[in-house]
Amino acid sequence: MLCSVIQRQTREVSNTMSLDSYYLGFDLSTQQLKCLAINQDLKIVHSETVEFEKDLPHYHTKKGVYIHGDTIECPVAMWLEALDLVLSKYREAKFPLNKVMAVSGSCQQHGSVYWSSQAESLLEQLNKKPEKDLLHYVSSVAFARQTAPNWQDHSTAKQCQEFEECIGGPEKMAQLTGSRAHFRFTGPQILKIAQLEPEAYEKTKTISLVSNFLTSILVGHLVELEEADACGMNLYDIRERKFSDELLHLIDSSSKDKTIRQKLMRAPMKNLIAGTICKYFIEKYGFNTNCKVSPMTGDNLATICSLPLRKNDVLVSLGTSTTVLLVTDKYHPSPNYHLFIHPTLPNHYMGMICYCNGSLARERIRDELNKERENNYEKTNDWTLFNQAVLDDSESSENELGVYFPLGEIVPSVKAINKRVIFNPKTGMIEREVAKFKDKRHDAKNIVESQALSCRVRISPLLSDSNASSQQRLNEDTIVKFDYDESPLRDYLNKRPERTFFVGGASKNDAIVKKFAQVIGATKGNFRLETPNSCALGGCYKAMWSLLYDSNKIAVPFDKFLNDNFPWHVMESISDVDNENWDRYNSKIVPLSELEKTLI
């Protein structure tokens, strides 16, 4: 039934477009530029990639960047050359670029490009018949700096402190901009350049993020910042939807040049379409003369556009680290996570929570279990014992809790520590710390449960009331504190996501995913899929919907469009809704709060 409905809806969308129409999604990441193509049925039909270190070795980057101590940057010219190269690959493959109706994409977040006063006139050359490559027209004189800070840069501790002092601390910074001040965020990076490179800063007429840099190249003129990506700058007042006067003044006060607002082109764009692709790409590569460019956005923002995520849906990426993305209509910021304006849903936000200790912490427990098994010392990558322990309910661990942080953790913000405790299930209070549990196998279950429970309690303030309730006898008036949030336990007992989507390497592990699903407690299903192209694919979907919506061919919002037309056959439905197990973990919320208090 579901398949027939989806097929009918897909045909309806297909009927609004010409046959054999295509949509491109770029992914300009740190190490490569990928370009993905889908057809009108949302099927991936072609892909090309340029790996910077391998395909453009003359830039002498290491994994796409230059590293000088804490300063990590990328050569901007390399991106221009990569764009020509990836489109040349499409041309060589005889892909019909003349049937591409729209393009969009994803770019590494936070990086900044510093255009000179000559940039606009040089970009105008892209609207004439091309005779040479991009680097000839958009030459080095187009830029006041030849490199762009990369998100891995951590040289701005001083500037982050100045930012937070300007606003009144990390909590007020998060309230204003959606995040506390971070090394990689664009505002502190701009401030550093204004302070340490005054000549380059004064030569800068316009500052772009990587996203609107690429959009500008494609349309042949400078375009404003894309609003969702601008939320990763520590400069944008999200509630007021404008740049913060105080933070712009901080940058202006550090330079003779008092024009930061003008450099940022005054305000981000809110348009679905930035313009038509410029003549350079039409003449050189055969693009359709009416091909539209939807503004590029940031990589994490494009990721949520690659899946049919609606309000109260959660995406859990289980990799070396754990990242949780969710769609919410609640603006509830915290210094320990990030909030961005949603790139395609008005009046919605993307929440992002990043944990440092993910797979590596679990692997340590796995290895310890394997070393105890006879003749298995060499098979430390075998998950059999670990998985059996995670799913084994024969031995109760209901009064046990542990945190396993072999590395310093981001959420909560603490140094490396492992700690195991026994708690009173009736009160939730910690009774004692223990060096080990009665069975080492309990560590496997407890590490997965505590990781999942941390995700659950931290997404709770961003979820709508789901009318959930606990069957356990708990004191719902107990005040629970996680990070900067302090509220009664009842506030954590009536919030559940609708759907949870699992991606990443560890999502292939059935035991880990099942336990995460039990703890998080989605009410309308749990799903798993592989997403090697998520950023570029999100760009494809954004391009397609933006064109159709802007041209009045469809009237549905992005989330409904993607839910109706998503290729659900690539998605695996896993782990049925489990109300009983979700309720079981309610008794561990207070103990987790109490345990985290002892870590600070």
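Placement of Cβ uses the backbone N, Cα and C atoms for every residue, glycine included.
Annotation note: Trp79 (substrate binding site) sits in a helical segment as assigned by DSSP. For Trp79 (substrate binding site), other Cβ atoms within 10 Å of its Cβ number 26. Residues annotated as substrate binding site in Swiss-Prot, with similarity to another entry given as evidence: Trp79, Leu80, Glu81, Ala82, Asp299.
The ATP binding site annotation in Swiss-Prot covers Gly358, Gly505, Ala506, Ser507, Lys508, Asn509 and rests on similarity to another entry. Close to Gly358 (ATP binding site) in the fold, though at least 6 residues off in sequence, lie Leu318, Gly319, Thr320, Ser321, Thr322, Gln451, Ala506, each with a CB less than 8 Å from its CB.
Secondary structure at Ser244 (phosphoserine), as computed by DSSP, is coil. Long-range Cβ neighbours of Ser244 (phosphoserine) (same chain, at least 6 residues apart, Cβ-Cβ under 8 Å): Ile167, Leu176, Thr177, Leu235, Tyr236, Asp237. Taken from Swiss-Prot, the feature phosphoserine applies to Ser244.
Look at the Cβ of each of the binding-site residues Leu80, Ala82, Ala506 and count the other Cβ atoms within 10 Å; the largest number goes with Ala82.
Calculated from their C-alpha atoms, the gap between Glu81 (substrate binding site) and Gly505 (ATP binding site) amounts to 32 Å. In this structure, of the binding-site residues Glu81, Asp299, the smallest number of CB atoms within 10 A of the CB marks Glu81. Excluding the listed site residues Gly358, Gly505, Ala506, Ser507, Lys508, Asn509, the same chain places Leu318, Gly319, Ser359, Phe502, Gly504, Ile512, Val513 with Cβ atoms within 8 Å of the centre of the ATP site Cβ atoms.
The maximal spread of the substrate binding site, taken as the longest Cα to Cα distance among Trp79, Leu80, Glu81, Ala82, Asp299, is 21 Å. Taking the Cβ of Asn509 (ATP binding site) as reference, residues of its chain lying under 8 Å away and at least six apart in sequence are, in sequence order, Leu318, Trp383, Asn387. The two recorded residues, Ser507 (ATP binding site) and Trp79 (substrate binding site), have Cα atoms 32 Å apart.
Cβ neighbour count for Lys508 (ATP binding site) (all protein chains, 10 Å cutoff from its Cβ): 14.
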